[in-house]
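Structure first, then comments.
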């Protein structure tokens, strides 16, 4: 998905990929995607290299990032997407190998700073290793920031109705650390834990300790929903809240936070470029200090 997204950008060039898969299989997985459809472009393998839209891409299969010799292909930024090297110590091996910057595509497991567009990206100060947090945190944080900046959040709970992920089972199977997680993904709604709400406190320190949450894994292939229920410091009607979010979506958070009043469902957001889209018709208010936002 990172690769496909990069193909839409004129300012990003993919020059190398490191994966334990062979090049032929990588080409196949890029060409065909059950959720996002066929790749819009040419994909082939020549002399062990991946060639996409006529551009040659170096392919390696190193287990140790320190051996990747990123300097040989002029790498500026590495997208560390294995889910394995999530600390400064392990991710720094990419720097040792010649890369200038590393972006972790998941939450860091140490104090490596996390940055989320629409939340705290303005605090980025040139750090060479950063985390982009999780998909759920990217959805929640921009909305939480708008609400807190305008009305103040006393406390809140988040529930994410989360699409199936690759680690789930097609049918019941052993899962020693998470018994429920071992149940068939296509057959069940599975309660699960998530650190996404607490992670918001890392990117927005003013909300630290004020939010927590949980997840339900549901049998859909893509697109997840965040349900944020909060108590507000400053009383506000639901219409006031909608206006504040719409103003942010059309202003300083344009391209990150979206806003819709259409009667949408999850598949309408397949391939959505905004990290968070507020569904104005789906939320409700109990009173002017207690609201549920979707």
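Keep in mind that glycine also has a Cβ here, set from the backbone N, Cα and C atoms.
What Swiss-Prot records for the D-glyceraldehyde 3-phosphate site is 134, 135, 136, 194, 195, 217, and among 96, 165, 170, 260 the residue it adds there is 165. Largest Cα-to-Cα span within the D-glyceraldehyde 3-phosphate-binding set 134, 135, 136, 165, 194, 195, 217: 16 Å. With the fewest other C-beta atoms within 10 Å around its C-beta, 63 stands out among the recorded positions 63, 162. When the binding-site residues 19, 134 are compared by the number of other CB atoms within 10 angstroms of each CB, 19 has the fewest.
Relative to residue 217 (D-glyceraldehyde 3-phosphate binding site), the recorded positions with Cα atoms inside 10 Å are 162, the candidates having been 19, 63, 105, 162. Long-range C-beta contacts of residue 136 (D-glyceraldehyde 3-phosphate binding site), restricted to its own chain and to partners at least six residues apart, with a cutoff below 8 Å, comprise 160, 162, 194, 196, 215, 224, 226.
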